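Peer 1: I am attaching a structure below and will ask some questions about it afterwards.
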Amino acid sequence: MRAHRLGAALAVALTAALAACGSGEPAPRSTEAAQSPASAAAQGPVKLTYWTWAPNMDKIVAVWNQAHPDIQVTVSKQAGGDDAAAKYLTAAKAGNPPDLVQAEYQHLPSFIAADAVADLKAETAAIQGEFSEGLWRLVTLGTEGVYGVPQDSGPMMLFYRKDLFDKYGIEVPKTWQEYADAARAVRRKDPGVHLGTFSSKDPGAFTGLAQQAGAQWWSISGESWKVNIADEATRKVADYWGGLVKEGAIDDMPYFTPEWNKALNDGKLLTWPSAVWAPGVLSTNAPKAKGKWAAAPLPQWNAGESFSGFWGGSSTAVSAKTPSKAAAARFATWLNTDPAALELLVKEAAIYPAATKAQSALGEAPEYFADQPDFWQQAAAVSAGARGFTFGPNVGVTYNAFKDAFDKAVQNKSSFSAAVQAMQDATVADMRKSGFQIAQ
Amino acid sequence: MSHSRRNAWPYLFLTPAMVLFTLFLAVPIGYTVYLAMRRTRVSGLGLGKGARREVFVGLDNFAAALGDAELWHGWLRVLGYGALVLTVMLGLALLFALLLDSARVRLARFSRIAIFLPYAVPGVAATLLWGFLYLPSLSPLRDVLDVDLLGASTVTYSMANVAVWGGTGFNMLALYTTLRAIPRDLYEAARLDGASELQIALRVKIPILTPAIILTTVFSIIATIQVFTEPTTLRPLTNTISSTWSPLMKVYRDAFVTGDLYSAAATSIVIAAISLVLSLGFLRVVRDRAFEEG
């Protein structure tokens, strides 16, 4: 508590006012240079700003800048996640967004709805074939427009402690039923250990699990949205985890907390249903367990299936306000389809590329998974069976409702499918308030 | 003519202040009020150009803010938290100020700095620090205390603890400075009349301190209403703090998480009005005590 804080009203107003005054990285306004590339030499190169959170992106962009003196890109490193999306929307509203932005798939519809990203249909017609249909849908929402170039994807896999599975005599679960049985078995063998945890702070993880079960939270039919978050598949997933939490078979600590790190490091958590980018997280958060983790396909709802969902993944979008749309689109295309750029993205930014041919070209397993040389082949196989869905225009509301509702459900040990219903209600209410057309 | 020119001078000197006031206070407040009376309307899918426009909705957003049950729950939570913080923090500040002022305390300078030091720790850092102490599997406190310090029934106390830890020093210093300004011969006289140190504290020092106590209380009320840092920083660590735990958190959520600047603007104006009413109301109640010299 600080007595000298600014007034509450001011905080919001000032933020808006300051954003309007410039967020430190004003987008260039060299309109002429962009519109007539021929005169670029005389007027100096087109300057583009690029918001991204992928590590080492500046090194990759340096390669582009070297080869393209006429289009110079400046990287502005951002904090990732929902905050980055909020920051971009605020900048766009204030009228000075960057020219390019790394946009997570689930946030892209909010960007489109706010008219903050440009339609790149003409500029990307040639590269559509480089991406799987599912990933391409994520940047079109199934509409006529193309609002970004897919960069990376996050198919979900089951990460597990191989050494401890051996120690407790547990098989790698093939179905969620087996996963539940394994969770109980672990508790019987060592009450200090859990097979896994359910995180009420990570809507992205839950979304991926719902996708695996076949959920379709949003869809577009004609001129209206269909919102179906509380569908049967999602409620099934919610009740499954709710049951395990209530029973105490798995833990309820959120991911990415100091406690969670400690549990991973100390071998108190044996699995993490996560996405293909998990090795990076594990190597930072659980350095002690290096070489002890392995990856397997997610457990299935029905034996014999091979479905997965997506947690995360992002695209490169171009601001609707940029005066240099063509140049920005050229860079976005190079970054995500050029073989040299893709190799750099994998090596330097540690991403799982969206471009199909780059996925199959991945060679050496991540260092953390040194004992699993076929890591990328596994990932490619999982990726082939991963199913996503169209995200809605107000994912921020939905994800916030997830956190509040599941926090409460975990805390009160109350029904998880009621929390899913709360997400549905909050999402629909917010869309109604803004006037979106909603189909029943 | 020379007369009017002389009268113009003060305005010239005031200009920088007026410009700054306009730029950084009047304009933002005006813009907030403007935003609070608007709302986005989308048509159809709400995708692409022209599907979204801003419309004037009058007082609708204010009505929504006042009718929002979650916001009132937030006020109730902050009220409970504030009652806790205010009494403990100001009580401790007064106690420490009196102790430091009494001649018998050794190491007064060291104690003064030690008590004040937490105030210098930024709120986020302080909360993170305490957060680690609260986390069940990391906390050394858990070996002694068998309670979940971030549980539903304890989390308010845990948060209040951070605020008290951070704020006591500042308030103590405000009171202590006032105490030092009291002429020493007042105490001399009281002692000659046979008053004990305790009696001097209760009958001489506290009455003289009253205006300072009122001032620190008003500051603390305002700061408590604006509680944001502690719950926001602790939220990722526990599932007992919702995204709308305090009214200001709801403003932040509306503006930056769910992208509804208009509701956020309306709610922030409601919060500002309530802060004003509460602090002015408190001043009114205690006015006679506060300014009795006048």
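Placed from the backbone N, Cα and C atoms, the Cβ positions cover glycine too.
Keep in mind that what you see is a predicted model, and the values were worked out from it rather than measured.
According to TrEMBL, the protein carries these features:
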type     : residues  : note
DOMAIN   : B:75-282  : domain 'ABC transmembrane type-1'
TRANSMEM : B:12-37   : transmembrane segment
TRANSMEM : B:78-101  : transmembrane segment
TRANSMEM : B:113-135 : transmembrane segment
TRANSMEM : B:155-176 : transmembrane segment
TRANSMEM : B:208-228 : transmembrane segment
TRANSMEM : B:261-283 : transmembrane segment
Peer 1: The transmembrane segment (B:12-37) vs the transmembrane segment (B:261-283): three or more C-beta pairs under 8 Å (separation of 6 or more)?
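Peer 2: Yes, the stretches contact each other.
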Peer 1: Which one, B:78-101, B:155-176, B:261-283, has the most C-beta pairs under 8 Å toward the transmembrane segment (B:208-228)?
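Peer 2: If we count Cβ pairs closer than 8 Å to the transmembrane segment (B:208-228), B:78-101 scores highest.
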Peer 1: Determine which residues of the chain contact the transmembrane segment (B:261-283) at the Cβ level, with the cut-off under 8 Å and only residues 6 or more beyond its ends counted.
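Peer 2: Residues 32-33, 35-40, 57, 61-62, 64-66, 68, 71, 75, 214, 217-218, 221-222, 225-226, 247-248, 250-252, 254-255, 290.
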